[in-house]
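Novice: Would you mind keeping the following structure in view while I ask a few things?
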Amino acid sequence: MAQFCILGVLLILSGTHCSWGFHEETHYPCAFIDTANITGSYGLDGPFVHNWTVIPRHFVAVYDFVIENGIRIPASRHLRACVCKTKPCVRICCLRGEIYDLEKRQCLVPVAGVSSLPSHSHMEVELGNGSLRLVKLQPRFSIHVETPCEHMKAVTKGSEYVHWTLHENGTISHRGHIFSKHYCFTPLLHGNSTWEWQPLACAPEKLYFVLGVREWTYAICLLIAILSMFIVLMVYLMCSEMRNSFYGVAIKAYAICMILGYALLAYLTLHNPANLSNAACRILPSLALMNLVLSFYILSFIAFKLYLSFYGVVFTKLMFWLIFTPIVLVAVGWSFFVGFSYYGSRLIFGGDTCWFDPRNWSVMIYFYAPVFVACAISGFFYVLSQIYIRDQPDIETEKSFESIEKNRFKSFWKYFGYTAVVWVVCICSFAFNYYWENRSHLNYAVSFCMAFHGFAALYALIGKNQQIQNFLRRIDNGEDTCENSVPLSSFG
């Protein structure tokens with residue numbers, strides 16, 4: 001068991017404090033929002049030419065990142081120029097003939113029956129002398145047609161739109177208040193009759209931390225599962241007949257993984273991500289992922305060994321660790337990879353949530369997919385075992401497959417079936433929550449399944465295991481159990 005503790009400590013020590021919140025580097029000539037990708041633009045001996053605009057070389061830099069939805073993400077090296085430094089920029093959300101729909105959060109063609117849209121080529125601008133004039137945009141401004149963020153919102157005063165003024169220098173203001181650079185213009189209906197150009201601001205979808213009855217129920221059910229797994233661990237540690245067997249060691253390793261994984265999930269559920277450091281918000285979920293994924297591959301390892309038991313294969317201590325160590329390293333490597341990977345423009349761990357973001361499908365790819373692979377491997381060996389049992393005469397089967405191993409086989413697969421049901425419920429619950437836009441991994445079905453998982457471990461791994469039951473009877477009768485201790489030379 002010391003080896004498992006060492007592996008956990010090594011993973012913690014390998015985590016590094018990586019602040020992923022974006023800040024502008026001082027060696028870039030301007031803010032990212034003021035730049036445009038000019039890769040492929042014509043470069044003279046001195047300046048560059050982009051969209052018929054001459055850009056001095058000191059406004060050009062090589063970037064190895066882009067910013068999407070306010071988040072900096074790595075990108076291939078490319079040239080960007082401060083086009084808004086050369087000519088004031090005006091950002092329009094959608095192409096000609098389209099408007100940005102605030103409810104559907106995308107560019108759409110307006111429904112028929114409304115008045116025609118205002119021209120994209122002209123807009124009312126306040127000139128330097130203070131006068132307002134409808135001017136053609138192209139000669140005076142660099143026009144960008146895009147939304148700077150995935151979700152945009154209108155800035156209103158009460159329920160009324162604010163009349164923002166576009167200035168000749170590209171700024172937008174209202175009574176001394178300057179609008180953010182992260183904006184785009186779109187026509188919006190004013191009074192259900194006329195269109196008015198309105199700047200929209202970035203509205204990132206914030207996933208707020210909630211600690212309610214549902215979260216506490218989930219945490220309590222996880223605690224029940226943890227206590228159940230702890231009982232399984234203690235019983236298998238005390239049982240001399242199980243202590244040094246392959247099956248006993250594997251079950252103990254599995255119980256440790258489940259205890260640590262569920263404990264970390266409970267901790268993350270009850271703690272606001274805003275109160276955790278960036279490093280903690282990356283390392284803790286990575287550790288939880290490692291333990292949970294590793295637990296499923298331990299079950300696959302047990303299924304493999306139970307199948308080999310039909311052929312009388314006995315694992316030595318060296319064989320056990322030669323097979324088990326790569327499994328641990330793969331789980332550690334996978335969790336480390338996920339902890340520093342992006343899903344779309346967001347880090348998988350960190351930000352609004354310190355677990356998988358329920359607003360996307362990252363949990364299906366990085367958690368449930370490897371779990372499914374482990375279950376498929378286990379199922380494969382279960383099918384092979386059943387084929388072997390079916391093909392053997394009843395008498396020969398009893399001779400070649402000892403009753404102890406047969407009992408382990410039945411109790412293990414009973415528990416595996418319960419485990420599969422629990423995680424199928426978790427997957428289906430997430431899919432339903434996602435479909436109904438309930439941005440959470442949790443519901444009461446998931447919570448109660450966690451408690452059921454703990455009770456299933458007690459029932460199948462202790463209640464249905466004949467060796468454990470015999471050991472508990474000897475304990476109850478006050479018999480000495482140490483005399484049956486087996487040296488750790490081979491794993492049966």
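Using N, Cα and C of the backbone, Cβ positions are placed for all residues, glycine too.
Since this is a predicted model, take the numbers as computed values, not measurements.
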Novice: Please state whether Swiss-Prot assigns V314 and W436 to the same topological domain (same side of the membrane).
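Specialist: No, opposite sides.
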Novice: Taking Swiss-Prot as the reference, C94 is linked by a disulphide to which residue in C82, C107, C149?
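Specialist: Disulfide mapping in Swiss-Prot sends C94 to C107.
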Novice: Disulfide partner of C82 per Swiss-Prot: which of C18, C30, C93?
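Specialist: That record, Swiss-Prot, gives the partner as C30.
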Novice: Hey, would you say the transmembrane segment (442-462) packs against the transmembrane segment (283-303), going by three or more CB pairs under 8 A that are 6+ residues apart?
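Specialist: Contact criterion not met.
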Novice: Using a Cβ-Cβ cut-off under 8 angstroms and a sequence gap of six or more, which residues of the chain neighbour C94 (disulfide bond)?
Specialist: Y100, C107, V145, T147, T186
Novice: Would you kindly check 246-266, 283-303, 363-383, 412-432 and say which stretch has the most C-beta pairs under 8 angstroms to the transmembrane segment (219-239)?
Specialist: 246-266
Novice: To the nearest whole angstrom, state the Cα distance for the pair N438 (N-linked glycosylation site) and N275 (N-linked glycosylation site).
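Specialist: Their Cα atoms are separated by 24 Å.
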Novice: Short question: which residues 6 or more past the ends of the transmembrane segment (246-266) have a Cβ under 8 Å from it?
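Specialist: Beyond its ends, the transmembrane segment (246-266) has Cβ neighbours at 1, 4, 8, 218-219, 222-223, 225-226, 229-230, 232-233, 236-237, 239, 284-285, 287-288, 291-292, 294-295, 298-299, 301-302, 305-306, 315, 320, 324, 355, 408, 412, 450, 457, 461, 491-492.
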